[in-house]
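K.L.:
What TrEMBL records for CYS111, HIS246, ASN276 is active site. According to TrEMBL, the domain 'Beta-ketoacyl-[acyl-carrier-protein] synthase III N-terminal' annotation covers 105-170. Annotated domain 'Beta-ketoacyl-[acyl-carrier-protein] synthase III C-terminal' per TrEMBL: 230-319, in sequence order. Residues or ranges marked as region 'ACP-binding' by TrEMBL: 247-251.
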Amino acid sequence: MVGKICGTGSYVPPHVMDNDDLAKIVDTSDEWIRERTGIGKRHIIEEETTSYMAGQAALRAVEQSGIDPSEIELIIAATSSSDVVFPCAACEVQKTIGAVHAAGYDMNAACTGFVLAFNTAQAYISAGIYKTVLVIGADSMSNLVDWNDRGTCILFGDGAGAVLLRAEEGTPVYMAAHSDGGKGQALTLQSRHRKDWDKESGEESYIYMDGQAVFKFAVRKVPEIIEEVLEKAEMSLEQIDYFVLHQANRRIIEAAAKRLKTDITKFPMNLEEYANTSAATVPILLDEMNREGSLKRGQKIMLAGFGAGLTWAASLFEW
Ligand code: UT7
């Protein structure tokens with residue numbers, strides 16, 4: 001059995017900060033941000049929380065599927081910015097959508113989280129353990145960045161995306177995942193409870209990133225893992241309809257397409273509108289593609305994520 005996507009949903013906060021707004025806070029410009037990243041704006045939470053966004057995305061996915069929430073057996077929420085340590089975001093989502101029979105837990109692999117959660121759900125389904133699984137990626141990066149650091153604050157936004165999987169007979173899902181803890185210092189966050197951390201240690205806790213190291217890692221590892229999954233599936237690049245990559249930087253996606261010698265039109269992007277929403281980028285993009293009618297049954301979709309850890313993962317499935 002494989003987990004077929006029977007519903008997608010997403011939520012981004014209505015409050016928008018464009019590049020000109022950022023230029024009033026840090027020494028940057030719309031021109032620099034667009035040229036180096038492709039980002040034009042980001043949606044930022046005001047009253048919303050990570051769990052709230054996750055719940056709204058989940059409600060939309062469940063509504064589209066037509067499946068009764070009581071049939072959902074498992075909820076996995078990929079997030080590194082849950083509002084509280086516990087209860088986990090997945091249990092908050094359970095409450096919001098009324099998935100009374102579901103088990104729920106969170107997974108944290110930063111920006112790679114959604115692809116790993118998706119693969120985990122597929123493994124449960126193919127093992128016959130669960131039939132109906134909700135997978136969410138949700139993050140409030142605006143709570144984690146230093147708004148005085150122009151090297152990071154321009155990159156991120158807030159949002160959530162969800163997919164509902166239902167067991168069906170079908171083409172297997174092929175997947176791969178890797179980590180390199182030895183290079184973990186390239187992208188770190190000491191604590192998501194910034195104020196408490198400050199009191200204890202006197203240090204500030206924000207996202208620290210060696211941007212160039214992460215850039216080089218992504219450009220090398222994303223094409224590698226895509227090739228690895230294709231080899232497992234005994235398929236060629238030409239057979240893939242869409243490569244849905246983590247939306248961190250347009251230049252990373254363009255470089256990956258170039259290395260794979262694949263037309264950039266097969267690499268959809270929405271980071272101009274939302275920036276990098278960490279674990280939420282892939283499911284938000286999938287939801288947009290689904291709702292605008294770009295996805296047709298039988299198409300082959302390759303997901304690929306990368307981020308802190310360092311971690312990277314990919315998944316190939318038939319829509
Ligand atoms: O989910 C994974 C998360 N992370 C990523 O995907 C990040 C991957 N890395 C990147 O996207 C890029 O490295 C950045 C967009 C972060 C930076 O782009 P870059 O082309 O690597 O720039 P750089 O760090 O080499 O900086 C070039 C110059 C520097 O000035 P000098 O030293 O040449 O005078 C920076 O101080 O640009 C300066 N700079 C800025 N200027 C205007 C850095 N940030 C900004 C800014 N506005 N926001």
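If you go along the chain as it appears here, the first residue is 1 and each next one adds 1.
Glycine is treated like the rest: Cβ placed from N, Cα and C.
Where in this structure would I find these features, and how exposed are they?
P.N.:
When Cβ atoms from all protein chains are considered, those within 10 Å of CYS111 (active site) total 32, not counting its own.
The Cβ of HIS246 (active site) has CYS111, THR112, VAL115, ASN276, THR281, VAL282, ALA304, GLY305, PHE306, GLY307 as same-chain neighbours under 8 Å, each 6 or more residues away in sequence.
Secondary structure from DSSP puts ASN276 (active site) in a beta strand.
Residues of the same chain lying 6 or more positions beyond the ends of the region 'ACP-binding' (247-251) and with a Cβ under 8 Å from any Cβ of it are 36-39, 111, 155, 215, 218, 269-272, 274-277, 281-282, 285, 306-307.
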K.L.:
Let me know how many other Cβ atoms fall within 10 Å of the Cβ of ASN276 (active site).
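P.N.:
ASN276 (active site) is surrounded by 24 other Cβ atoms within 10 Å.
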K.L.:
Run through the region 'ACP-binding' (247-251) and tell me, per DSSP, how many residues are helix, strand and coil.
P.N.:
2 helix, 0 strand, 3 coil
